[in-house]
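Annotated domain 'Potassium channel' per TrEMBL: 140-201, 284-358, in sequence order. According to TrEMBL, the transmembrane segment annotation covers 50-74, 151-168, 174-197, 275-295, 333-356.
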Amino acid sequence: MIAPDSRDYQYQLTTGSNSEFRATDSRSPSNTSCCSSNKGFSCCGAVSTFLSSAGVCFLVLGYTLLGAVTFMTLEGQEVQRSNEELGQDKLRLKTVEKLWSITEDLNILYKDNWTRLAEQEVLRFQDCLVKKYISTPAGKHNNHVWSFPSSFLYSLTLITTIAGYGSISPRTPWGRIVTIVYALIGIPLMLVYLSTVGDTMARHFRKFYSKLSRNSTPPEKSPKQDPALSKSVIANHIHADQKIGQNERYQHDEKLCSINGGHSNHYNELYRQRVPLLITLSIVLGYISGGAFLFNKLENWTFLEGSYFCFTSLGTIGFGELIPGSAESGEELSIFVSSAYILIGMAIIAMCFNLVQDETVLLVRKLSLWMRKEDKVGEDESESIAMSVVSS
């Protein structure tokens, strides 16, 4: 064990409703330089986090644009080819010729006989047309046009794991192969996007909410911390002080100084502004309501239909009853707006999950502390009963 030098810390644990941990150093300049360096590291960390988040956003956007161009090239010509494969014109002309031959075969035109034979021929024409329509790859979704906006939306639904919007599906073998490869690469990329951007947005929203809380409430002398957290910090520091050398101990003391100063990432991990669940839920409901109002203007959907579409899209369900771009006017604009809405909305959902996670962790921590307290009370009662029995 290394003997304490002139840089000894005094530890204080204030008990009560607001437990706090305070570490003081007799050398105040050291504390000042420590906190100043931590400010610089915090600024550099914020810049690097912003650049990484922006880079991931541009990467996802570029990957989606690449997918849109690829699928438009592969599937765009297949629609015209599939319509020709149906042979509607040839089948119609053949049916008309048969009807004329029936008329010629009947020297005397009897209405009942001609009607019966013509009806049989028309039914045969309908059966042939339906069979060709079903057997052709375009039979299921013949109305879909692979334009650039629709291809962009299809690429986005692939990497976001949305089930699909009705008529959007590849028909060519190469289109299906590219879909598999594109999804295998794009889904992990989307997970990185949600993790990085969601965490960054949650961190900035905590800071924004912290400023609002500070402006609306009187300033406190020190931030509130859980008693268990303060005790664990003290125990870890004392345990580390017994095992490490002077140089390592000085680095450890700098971390402890940053906890007292409140300007480092280490402190931000220990103390993060809590955002109430009601505010998080209000963000989600507000975004869905805004999307419902937006699609009411673009697609002439009702508020319920717009809310249903927004919820199923952000929840990556995507049943496909409501398809953006189905309106007669503004098809391309509607598809691009819906794509941007989904991409931004999923980042907001990831941010809300991050905020809810903090509340869940805090709730579990309080529950575990309460259970430990109850167990300790039970042990004390058992010991008192045992002592009373022995004394009697």
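Glycine residues also receive a Cβ, built from the backbone N, Cα and C atoms like all the rest.
Keep in mind it's a predicted model, so treat the numbers as computed, not measured.
Across the domain 'Potassium channel' (284-358), DSSP assigns 56 helix, 0 strand, 19 coil. The largest share of C-beta pairs under 8 angstroms with the transmembrane segment (333-356) comes from 275-295, of the ranges 50-74, 174-197, 275-295. For the transmembrane segment (174-197), the residues of the chain that approach it from at least six positions outside its boundaries are 52-53, 56-57, 59-60, 63-64, 67, 70-71, 74-75, 78, 155, 158-161, 346-347, 350-351, judged by C-beta separation under 8 angstroms. According to DSSP, the domain 'Potassium channel' (140-201) comprises 41 helix, 0 strand, 21 coil.
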